[in-house]
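Novice: Quick one: the structure is below, questions incoming.
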Amino acid sequence: MSYFKLTGSVGGEDFVISSNTKDLIVVCFNKTISPTGLWRAHNPFMSALSVLVIRLSIAVFSTRIFMVALKPLHQPRIIAEILGGMSTSTSNWGRVVPAVFPYSTLKIIETIGNLALVYHMFLVGLELDLKPVLRAGKKALSIALAGIVFSVLVGWALGRYVLLKDFVEETKGKDGQKLPTVNGPWFWGVALATTNFPDLARILTDLKLLYSAVGGLALSASVISDLCSWFLLLLVMAIVNNFQTISVGLTLLFIGLCIFVVHPLLSRIVNRIRDRVQEDGDYGQLECFVLAGVILCGCITDACGSHSIVGSFMFGAIMPRGEFSNNLKKKVGSFVPGILLPLYFCINGSRLNYVDILSSVYPSEKKTGTDIYRVGGVVILAFAAKTLSTLIAGLVNKMSFRDSLALGVLMNTKGLLTLIILNTGREVKALNKQTFGVMVLAIWVMTFVVGPLLAIFYKSSARPFVQYKERNVVSVGSNSELRILACAHNSRNVPGIINLLEASNPTNKSPLHVLAVHLVELTGHTSAMLVVHDACKTNDVHSPDNSSPSNAFEAYAQQRECVTMQTLTAVSQYSTMHQDICNLAEENRVAIIIIPFHDKSTTLVGGVAPDANNSHLKSLNNNLIANARCSVGVFVDRGLGASNYSYRRCCYSMLFFGGVDDREALAYAGRMAGHPRTSLTVISFNIMSKNAANLYSEDDHGDDDDDDEDGTGGILKAMASTGREKKLDELYLDEFRLMSMNDASIKLLEKSVTRWEQILSLISSMEGEYDMYIVGRRHGKISEVTTTLLDGIDSNDLGFLGDALVSSNFIASTSVLVVQQGRLLDYYS
C-alpha cells in the first residue's frame with residue numbers, strides 16, 4: 001500500500017491529488033471566485049458555457065469535414081463522428097492549449113452529452129418498427145443468430161485471454177473478490193455481436209446494393225441483431241450487478257407498465273388532442289409534455305439500476321404512430337443528431353488516448369515490443385469472427401460463396417449502439433482506459449473497411465444487366481402484360497399517377513404490373529427504418545400513416561383486379577438516384593418508367609405545383625432519360641389527379657409527327673383508347689418536306705427572314721421523316737386507322753403544316769378540349785439538329801414540343817405525357 005498527495009495546476013486551475021491505493025486516485029479542484037466580478041475574470045475559458053460552445057463547435061465542424069473527406073471511400077456517418085469526437089479530446093488538445101479544455105468542465109460536457117443520447121434513443125424507439133423482425137424469414141433469422149452467438153463467444157475469449165492478459169495485471173483484489181474488469185469481456189462480446197442497421201443502410205445505398213438480394217437480407221439480419229444486442233446489454237448489466245433481483249425486477253416492471261398502461265393512455269391523449277387541433281395542426285403543448293416525459297422515463301430506469309437510455313427508448317417505442325409522431329420526428333430529428341449528439345462523441349473522445357494503448361497499465365512494466373502486434377491481432381480476429389460465422393450461415397442457406405462473403409463483411413458494420421455498450425462498460429469500471437481504447441479502435445477499423453472492400457470485389461455496376469426484349473410499349477403489344485415503374489416524390493404526385501395508370505386501361509387481356517417507387521432523398525437524418533421496412537415489405541394498407549405514397553398505390557391495386565402492385569421506397573442521393581431506378585427497371589423487366597416532371601411554377605392553375613428541390617429533380621429526370629434502357633414517360637400533372645377524374649369521361653389527344661418516340665407515344669395512347677370512359681384523338685401532322693427543306697436551306701444560308709429567326713425551318717426539316725422511318729410511321733398510322741374504324745371514341749385527324757406557328761395555332765385552338773396531351777420527346781431526325789433545338793429550351797427532359805406545351809398559357813390546365821422509347825438490345829452489343 002502506498003500513499004501520496006500532489007498539488008498542481010491544470011488549465012489555470014489548482015487541484016489536489018490524493019491516493020492511498022494504486023487503484024483509486026481522487027482529484028479535487030479548488031473552487032476559486034474572482035473578487036473583481038464577472039466582467040474582469042482573468043480567464044474567460046474557465047466558464048463551462050464557453051468551453052461547451054467551443055467543444056461543440058469543433059466537434060460539429062470537424063465531423064462535417066471528415067464526412068466530406070471520407071465520402072469517396074463509402075464511409076458511414078459513425079466513422080466521421082468518432083473522429084470528430086477525438087478532435088476535441090482533452091488528451092490531444094489539452095496538452096497543446098490547456099486553457100481551452102480545463103478538466104473541471106468535463107462534468108457538464110458529459111451531462112449534456114448523455115442528455116443528447118437519451119433523446120437520440122427516444123428517436124430510435126420512435127422510428128422502431130417490429131414488422132421486419134416479425135416477418136423476417138428463416139434465412140435472415142438464422143444468419144443473425146449465428147453471427148450473434150459466435151461473435152459473443154469470440155469477443156469474450158479475446159477480452160478474457162488477450163486484452164486482460166496484456167493490459168490488466170491482476171484479476172482479484174486483496175480480499176479474493178473479482179475486480180470489475182473481469183466482466184469486461186462480456187461487454188466486448190456484446191459489442192462484436194452488434195450490426196448497426198442505420199449505417200448499414202447508408203453503405204448499401206451508397207454502393208447501390210440496397211435493393212439487391214444481399215442488401216435486403218443484410219438489413220433484415222441487422223435489425224434482428226440490434227434488437228438482440230439490446231437484450232444482451234441488459235443481461236450483461238445484470239451480470240455486473242451480480243444479478244440483483246430488485247434492479248432486474250423493477251426494470252421489467254417498468255417495461256410492462258409502458259406497454260400495457262402508458263401506451264393505451266398516450267393513444268387516447270393523442271387522439272383527443274388531434275381532434276382539437278385538426279385545423280391548425282399545432283401540437284406544441286403535447287410535444288413539450290412528451291419531451292419532458294423522455295427525461296422522466298430515463299430517470300426512472302436509472303433509479304431502477306438500469307441505464308437511462310432504456311427508459312427513453314421504451315417511451316419512444318410505445319409512442320402512437322401517425323401525424324403527431326411524424327411531426328415530432330421532423331422537429332427533433334434534425335436538432336438532436338446534428339447539434340446535441342456530437343457532445344456524446346466528445347465524451348467518447350475524451351476517454352480515448354491512443355498513446356496508452358501500446359503500453360500496459362503500469363509504466364514500470366511496459367510491453368511496447370509486443371502490444372502493437374497484439375492489438376493488430378485483436379482487430380483482425382474481431383473482424384473475422386462475424387465474417388466467418390455469417391459466411392458459414394450463408395453457405396448453409398444455399399447462398400453463393402461471393403454473396404455469403406459480402407454478407408459477412410456487411411454484418412461487421414458497427415455504430416452508435418456499439419459505442420454505447422463500450423462506454424457503459426467504461427462507466428461501470430468493467431473496462432479500463434487501455435481495453436476501452438483497443439475496442440473503440442477495433443470497431444472503428446472494422447466499420448471503416450466495409451465500404452472499400454465491397455466497392456472493390458462486390459461493386460453493383462459489375463452485375464450483368466437483365467437481357468429482355470420488352471423494353472418499350474411497342475414491343476409489348478396491346479394484348480400483353482405491361483410492366484410499369486411509377487415514381488413518386490411525395491403524396492402530391494400519387495393521385496395523378498394513379499389516374500394515369502387507370503387510363504392505361506388494365507384488362508384481363510392486357511393487365512398492368514406496376515412497381516410503385518417512393519423516391520426519398522438520402523440525408524443525414526433520413527430514417528433508416530424507412531429502408532429496412534421495404535426489405536421485409538408487407539402489404540398493410542391499414543398502417544397509421546395512410547398518407548404515404550405506398551399505401552395509396554396499394555389501396556388502388558386492391559380495387560382493381562387486373563393491376564398487380566409492388567411498392568418500395570428508394571432512398572438515395574439525387575445525383576445517383578437514377579441508377580437505382582434503372583437497376584430496378586432492369587431487375588423487374590420494366591417496359592416504361594413514369595416519373596413526375598420537376599415543378600417550376602408557383603400555382604396549380606396556370607402551372608404546376610412548386611417544389612423546393614426543382615434543380616435536383618430536373619437533374620434526376622435528365623439523368624434518367626439519358627441512362628434508362630427502357631422507355632421513359634415524363635408526366636406533367638396539371639389536373640389529371642383531380643378527385644372527380646374517376647367519375648367523368650376524359651378526352652386525350654396524341655400529337656404525331658413521326659419518329660421512334662412518337663410511335664412509342666402512339667402505342668401507349670392505343671392502350672388507353674380501349675377504356676370505357678376515354679376518348680382519344682390522334683392528330684397526325686404532315687409536314688411539307690419541300691417547304692421544310694427550302695426553309696432549312698435558307699436558314700443555312702443565313703437568311704434574315706423574321707419567320708426563321710428561331711430556326712423553325714431547321715426544326716421542320718428535322719421533323720420531316722424520310723426513308724425507312726417514314727414507312728414505319730405510315731405503317732403504325734395504318735394500323736391505328738384500322739383500330740379506330742369501328743370505334744366512335746377514337747379519331748384520327750391529319751393536318752398539313754409548313755411552319756411551326758401553324759402547329760402552335762392549331763394546338764391553341766383546341767384549348768379546353770382535352771385533359772391530357774401525349775407526345776414523343778424527339779420527332780424524326782430532331783437529334784441531328786440538337787444544337788439548334790436546345791437554344792432557349794429550359795426542359796431537355798420534355799423535348800421541344802413538350803416544353804412548348806408546358807410553357808404555353810393556352811393549355812395551362814391540361815396535363816402532358818412526354819414519352820421516349822427505350823433502346824433495343826442491339827444498341828448494347
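Placement of Cβ uses the backbone N, Cα and C atoms for every residue, glycine included.
The model shown is predicted, which means the values in this text are computed figures rather than measured ones.
Look at TrEMBL and you will find 45-66, 108-128, 140-159, 217-240, 246-266, 332-352, 372-393, 405-424, 436-458 tagged as transmembrane segment. Taken from TrEMBL, the feature domain 'Cation/H+ exchanger transmembrane' covers 64-456. As annotated by TrEMBL, domain 'Cation/H(+) antiporter central' applies to 512-643. If you look up TrEMBL, you'll see 653-684 marked as domain 'Cation/H(+) antiporter C-terminal'.
Are these features on the surface or tucked inside, and what are their neighbours?
Specialist: For the transmembrane segment (140-159), same-chain residues at least 6 beyond its ends with a Cβ under 8 Å from one of its own Cβ atoms are 184-193, 195, 217, 220-222, 224-225, 228-229, 232, 378, 381-382, 385-386, 388-390, 392-394, 396-397, 407, 411, 435, 536.
Counting residues 6+ beyond its ends, the transmembrane segment (246-266) has Cβ neighbours under 8 Å at 234, 238, 297, 300-301, 304-306, 310-311, 314-315, 317-320 in the same chain.
Sequence-distant contacts of the transmembrane segment (332-352) (same chain, six or more residues past either end, CB-CB distance under 8 Å): 52, 55-56, 59-60, 63, 81-82, 84-91, 106, 109-110, 112-117, 119-120, 123, 291, 419, 423, 426, 433, 436-437, 440, 524-525, 527.
Below 8 angstroms of C-beta separation, residues 76, 78, 82, 117, 120, 143, 147, 187, 190-191, 194-196, 198-200, 203-204, 214, 217-218, 221-222, 225-226, 229-230, 233, 237, 307, 309, 345, 347-348, 351, 383, 386-391, 394, 399, 431, 436, 439-440, 443, 446-447, 449-450, 453-454, 457-458 of the same chain, each at least six residues beyond the ends of the transmembrane segment (405-424), sit close to that stretch.
Tertiary neighbourhood of the domain 'Cation/H(+) antiporter C-terminal' (653-684): same-chain residues 472-474, 478, 482, 502-505, 507, 510, 592, 631, 633, 719, 721, 725-726, 728-729, 732-733, 736, 739-740, 743, 745-751, 762-763, 766, 769-770, 772-782, 799, 801, 817, 819-822, selected by CB-CB distance under 8 Å and a gap of 6+ residues from either end.
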Novice: DSSP says what for the domain 'Cation/H(+) antiporter C-terminal' (653-684): how many helix, strand, coil residues?
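Specialist: Split by secondary structure, the domain 'Cation/H(+) antiporter C-terminal' (653-684) comes out as 14 helix, 11 strand, 7 coil.
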Novice: Please report, as numbers and ranges, the same-chain residues at least 6 past the borders of the transmembrane segment (108-128) whose CB is under 8 Å from any CB of it.
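Specialist: 48, 51-52, 55, 291, 294-295, 298, 308-309, 312-319, 325, 328-329, 332-333, 336-337, 340-341, 343-347, 350, 416, 420, 527-529.
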